[in-house]
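Chemist: Sharing a structure here in structure tokens format.
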Amino acid sequence: MLCEMLSILYTPDTHITDCVCCLSPCNSVCLVYFPDACINLIPCQDNGAICIQPCSPSFHGETSFVCEDRKWQMLSDACANLDVQSLFQRISQSELLSCSGGHGGAAGEHLPFVGGGKPGHGKPGDGAKHFGAGNHSCQADFSCIIPDILSSPAIPGNIADIVELLKKISLQLSENVTRGKMQSYSRIANHILNSSIISNWAFVKDRNAGSILLDSVNLFAGKLLLRNGSESIQEPFIATKGYSIHRNTSAKSFDFSMEFNSTVNITGQVVIPEDELLRLPRASKAISVALPTLGAILEPNQPDPAFVNGLVLSVSLPEELRSVVLTFGKLDRREQAGARCVGWHSLERRWDAGPCALRALSAAAVVCQCAPRRRAYRSFSILMAPGAPRSPLLALLTRLGLGLSILSLLLCLLIEALVWRHVTKTQITFMRHFCLVNIAASLLVADVLFILAAIVHDTALNYQLCVAATFFLHFFYLALFFWMFTLGLLILYGLLLIFFKITRSAFLAAAFSIGYGCPLVISVLTVAITEPKNGYLRSEACWLNWYETKALLAFVVPALSIIVMNLIVVVVVVVKTGRSSFGEGCKSQDLSSMIRVSKNVALLTPLLGLTWGFGLATIIDSRSLAFHVVFALLNAFQTREALRMNCFSSRRTWGLEKVKFIYFPING
């Protein structure tokens, strides 16, 4: 009785905000609550359990619930009151009659059922109330079914049925698409694309409904007949434009300005360049469709946290045209709202950066160049790329750190040049200082390239310059780590291979192969594999891509591997320097040994790049400001500490008398 009393609270007009009571298969009562809040009368028992309940008598379909944290949560809602089979039969019969002069026969008699509607479900009289008499003829522009659809609530079940209706129309009734048909089609689609009911899409049973709708709209709009060489049809949440094009026309553009919600407008533009029009062998047509809210519906299919930040722009072009230029106005115009140009892969039903390349980026808009493909890519948009948090403190630390690093490196190289002849008299000191000079030179060039890459990206984005800057930035940062690795190997050589001699020529060959050869191979392979797919760069900076191609792994994996190996070197040094002294003398000698070990760790940590290990935290949680500040501080002072300990040593180059004999005993 309680369930019967509570079930009447749910009606189509509640828009899924009131309580729904149901009887589960295990005979336990469950009460599902939504934003307006109710409580569970009897908690569900097993997480993952499914409760499927029939709809109220005036609806057909069913509602599914899932048990989560001992509470029933709505999984999908297929309750609907539209009879889409009847609607489709009316317009299909009308279409046949209009084409055959009234000899259509029972055209809809053998049509397969569309959507979830079940004739006979519902209260008596519902059909007359919603659909009117079934025998009255429908105009050829589908307008007779518009009142029935617009008067129905945009609940999840009706949304699914309308999507199936539009799909059926696109597949079977898309010949001779006149302006009237396109207007009716747009009004139907607009009803379920309204920004006020987008949240209801989350409970549509078919998770691919948004993609199906997009494909259906593209198919139908692509067959639009143009009057006088152009056409323009606009509803609040779907707009369609078309032009006749041929090789002698100037560049064509489709300009859209649409309402995203009651307070935000969003713009977009599709431009067909003149050099593309020259490819046309004959006169043809170009159709473009703009959808401001569909991106929020397609968003859940994304594997990464990025979300659509602009219009979804679809194009229907002749096969001879290979690329178009798309301009997207941003919804989120905050400074950290970067962008990635993407195309919707209609076969795999996901966003893909493969067919698009970023051409320009500003705070308000993004310019993309995309390659439409009839079978796969016809719709495009931009994804907001969540990146590092922006803050005045982090920006200040980055600038100060770069400035301090560059000055320290210049000073270090100057000092090395002045004392080179005095500190490289022996074989081992030559090898040590040779590694130090290459570490400093690699980091100096990388720092300068980092600044240049930021300037190239922030002022006037040039794609080729950005690719070049990213390639050399990748190469020199890798060179920095591989020279640190070479230095770590040299330390192990001095510690463990005391009686093994290595010639200068052999050392130089091995050092250059490791220090510059390995980075060159990795950098070239990275750009060669990812750039043809437009997956080399990320959109918000001149740096390696992450979300689409994971090109960043070509830097992260070698860098972190070297950090781990150099950490092992530090452990070996600590064991070697501490083992010979601890416990062999008085407490003052033990304290002296502890201090010496601490100095060794303090010296080798910046020198072998161990502070870069904290960069792993920024990869795991890229949105954490604390991780980025700590990483910026550590790396800002890494170069200064290495300079102070290695270039300003008081007596020996290493600055630690006891350590130098243990590191390199052949130094004498």
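Glycine is treated like the rest: Cβ placed from N, Cα and C.
Unlike curated entries, TrEMBL annotations are predicted automatically.
Source: prediction; values computed, not measured.
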Chemist: Can you dig out which of the ranges 601-619, 620-638 TrEMBL describes as transmembrane segment?
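Modeler: Spelled out, TrEMBL records transmembrane segment over residues 601-619, not the other listed ranges.
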Chemist: Is the number of Cβ-Cβ pairs under 8 Å between the transmembrane segment (507-530) and the transmembrane segment (435-455) three or more, considering only pairs separated by 6 or more positions?
Modeler: yes
Chemist: Average pLDDT across the domain 'G-protein coupled receptors family 2 profile 2' (394-650)?
Modeler: 77
